[in-house]
Amino acid sequence: MTFEQLIPLIIMAFALGMDAFSVSLGMGMMTLKIRQILYIGVTIGIFHIIMPFIGMVLGRFLSEQYGDIAHFAGAILLIGLGFYIVYSSILENEETRTAPIGISLFVFAFGVSIDSFSVGLSLGIYGAQTIITILLFGFVSMLLAWIGLFIGRHAKDMLGTYGEIVGGIILVGFGLYLLFPI
């Protein structure tokens with residue numbers, strides 16, 4: 001993999017991780033032990049490996065079966081997902097969040113990683129390198145979740161919704177780039 005191929009994946013990993021970062025900011029404002037913070041971040045990272053992997057496998061299958069139609073659908077999926085993230089971030093009401101424990105942690109991690117499934121689907125259609133991609137997504141999401149949790153412990157409402165909006169805009173940009181390569 002060349003440096004030029006790695007840069008878009010790194011940017012996309014940060015875009016996907018912004019959702020985990022934003023939610024972790026709010027969660028970090030609760031009383032959490034360091035061990036809980038580490039465990040939450042690792043769980044989010046693992047889900048950001050599993051979900052895009054499943055998406056990439058499915059995306060490769062669709063690409064082999066449907067070719068150009070699958071490429072177009074992958075780009076549209078990224079654009080739609082990006083707009084959805086921006087839209088839902090703007091309309092989201094500030095609700096009280098509780099620290100996820102046990103099964104609720106898995107549900108939480110699944111929720112913040114569901115967008116990585118869609119991105120994985122698109123990347124699978126385009127034939128991205130699986131191992132590098134999913135490890136990068138997992139590591140960056142884990143790191144951003146930890147950063148969000150630690151910042152949330154010390155500050156209130158620094159980025160919140162704005163972090164999700166930036167992530168959504170980046171996904172729209174990548175979708176447009178796939179539709180109209182420069």
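Quick reminder: no glycine exception, Cβ is built from N, Cα and C everywhere.
Residues or ranges marked as transmembrane segment in Swiss-Prot (evidence: sequence analysis): 6-26 (among others).
Annotation comment: Swiss-Prot describes 37-57 (among others) as transmembrane segment, evidence class sequence analysis.
Annotated transmembrane segment per Swiss-Prot: 71-91 (among others), in sequence order. Beyond its flanks by at least six residues, the transmembrane segment (71-91) meets 19, 22, 59, 62-63, 115, 118-119, 121-123, 125-126, 161, 164-165, 167-176, 178-179 of its own chain at Cβ-Cβ distances under 8 Å.
Listed by sequence, the residues of this chain that lie at least six past the ends of the transmembrane segment (101-121) yet keep a Cβ under 8 A from its Cβ atoms are 12, 16, 19-20, 23, 39-40, 43-44, 46-48, 50-56, 58-59, 62, 74, 77-78, 81, 85, 133-134, 137, 141, 171. For 101-121 (among others), the entry in Swiss-Prot reads transmembrane segment, with the evidence type sequence analysis.
Positions annotated as transmembrane segment by Swiss-Prot: 131-151 (among others). Counting only same-chain residues 6+ beyond the ends of the transmembrane segment (131-151), those with a CB under 8 A from a CB of the stretch are 1, 6, 9-10, 12-14, 16-18, 20-25, 27-28, 32, 37-38, 40-42, 44-49, 52-53, 56, 112-113, 116, 119-120, 123, 158, 163.
Sequence-distant neighbours of the transmembrane segment (162-182) (same chain, 6+ residues past either end, Cβ-Cβ under 8 Å): 8, 11-12, 14-19, 21-22, 25, 71-72, 74-90, 115, 119, 122, 126, 148. Taken from Swiss-Prot, the feature transmembrane segment applies to 162-182 (among others), supported by sequence analysis.
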